[in-house]
Amino acid sequence: HLLQFNKMIKFETRKNAVPFYAFYGCYCGWGGQRRPKDATDRCCFVHDCCYGKLTKCNTKWDIYRYSLKSGYITCGKGTWCKEQICECDRVAAECLRRSLSTYKNEYMFYPKSRCRRPSETC
């Protein structure tokens, strides 16, 4: 669920998804195209790919179980879809934390029209 993903991002990075990640680069936020701009954008690209494999799941709106304890995100039990969505979100939030040192404010509201290089495939 998008609100749960936001909480994971905040837990890992201490930044709110909006405005820091919702419009970042070529892949963060709704949709994505061309090539990721940097490590942060690549986290979003991989997250999009992860969701893309879950074609039978309601990736943006399914509510799943998880906990935030002792510096770790742990996904809980649920349906196969809910567990997989949680894992996609957990991995992406942890990736965003690892990419904090290279986060660029210039990509924060990056116009998708400037994403020109050839697309990558998952």
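Please read every residue number as a count from 1 along the shown chain.
Placed from the backbone N, Cα and C atoms, the Cβ positions cover glycine too.
The feature disulfide bond is assigned by Swiss-Prot to Cys26-Cys115 (among others), with similarity to another entry given as support. Counting only same-chain residues six or more apart in sequence, the Cβ atoms lying under 8 angstroms from the Cβ of Cys26 (disulfide bond) belong to Gly32, Gln33, Arg34, Arg35, Pro36, Lys37, Asp41, Phe45, Tyr110, Lys112, Cys115.
Tyr27 (Ca(2+) binding site) falls within neither a helix nor a strand when secondary structure is assigned with DSSP, and so counts as coil. Note: Tyr27 (Ca(2+) binding site) has non-local neighbours Gln33, Pro36, Asp41, Arg42, Cys44, Phe45, His47, Asp48, i.e. same-chain residues 6+ apart with C-beta under 8 A of its own C-beta. The Ca(2+) binding site annotation in Swiss-Prot covers Tyr27, Gly29, Gly31, Asp48.
When Cβ atoms from all protein chains are considered, those within 10 Å of Cys44 (disulfide bond) total 23, not counting its own. Positions annotated as disulfide bond by Swiss-Prot, on the basis of similarity to another entry: Cys28-Cys44 (among others).
Positions annotated as disulfide bond by Swiss-Prot, on the basis of similarity to another entry: Cys43-Cys95 (among others). Cβ neighbour count for Cys43 (disulfide bond) (all protein chains, 10 Å cutoff from its Cβ): 26. DSSP classifies Cys43 (disulfide bond) as helix under the three-state reduction.
Annotation source Swiss-Prot lists active site at His47 (among others), citing similarity to another entry.
According to its DSSP assignment, Cys49 (disulfide bond) is helical. Note: Cys49 (disulfide bond) has non-local neighbours Cys122, i.e. same-chain residues 6+ apart with C-beta under 8 A of its own C-beta. Annotated disulfide bond per Swiss-Prot: Cys49-Cys122 (among others), in sequence order.
Marked as disulfide bond by Swiss-Prot: Cys50-Cys88 (among others). Cβ neighbour count for Cys88 (disulfide bond) (all protein chains, 10 Å cutoff from its Cβ): 23. Under DSSP, Cys88 (disulfide bond) is assigned to a helix (H, G or I) in the three-state scheme.
Sequence annotations record features per position, and here Swiss-Prot assigns disulfide bond to Cys57-Cys81 (among others). Counting only residues at least six positions away in the same chain, the Cβ atoms of Cys81, Lys82, Gln84, Ile85 sit under 8 Å from the Cβ of Cys57 (disulfide bond). Taken residue by residue with DSSP, Cys57 (disulfide bond) is part of neither helix nor strand, so it is coil.
Around the Cβ of Cys86 (disulfide bond), the number of neighbouring Cβ atoms within 10 Å comes to 24. The disulfide bond feature in Swiss-Prot is assigned to Cys75-Cys86 (among others); the stated evidence is similarity to another entry.
Marked as active site by Swiss-Prot on the basis of similarity to another entry: Asp89 (among others). Sequence-distant neighbours of Asp89 (active site) (same chain, 6+ residues apart, CB-CB distance under 8 A): Gln4, Phe5, Met8, His47.
The disulfide-bonded residues considered are Cys75, Cys122; of these, Cys122 has the fewest other C-beta atoms within 10 angstroms of its C-beta. Other Cβ atoms within 10 Å of the Cβ of Cys95 (disulfide bond), summed over all protein chains shown, number 18. Same-chain residues that are not part of Tyr27, Gly29, Gly31, Asp48 yet have a Cβ within 8 Å of the Cβ center of the Ca(2+) site turn out to be Cys26, Cys28, Trp30, Gly32, Gln33, Cys44, Phe45. Looking only at the disulfide-bonded residues Cys28, Cys81, Cys115, the densest Cβ neighbourhood within 10 Å occurs at Cys28.
DSSP assigns Cys115 (disulfide bond) to coil in the three-state reduction, placing it in neither a helix nor a strand.
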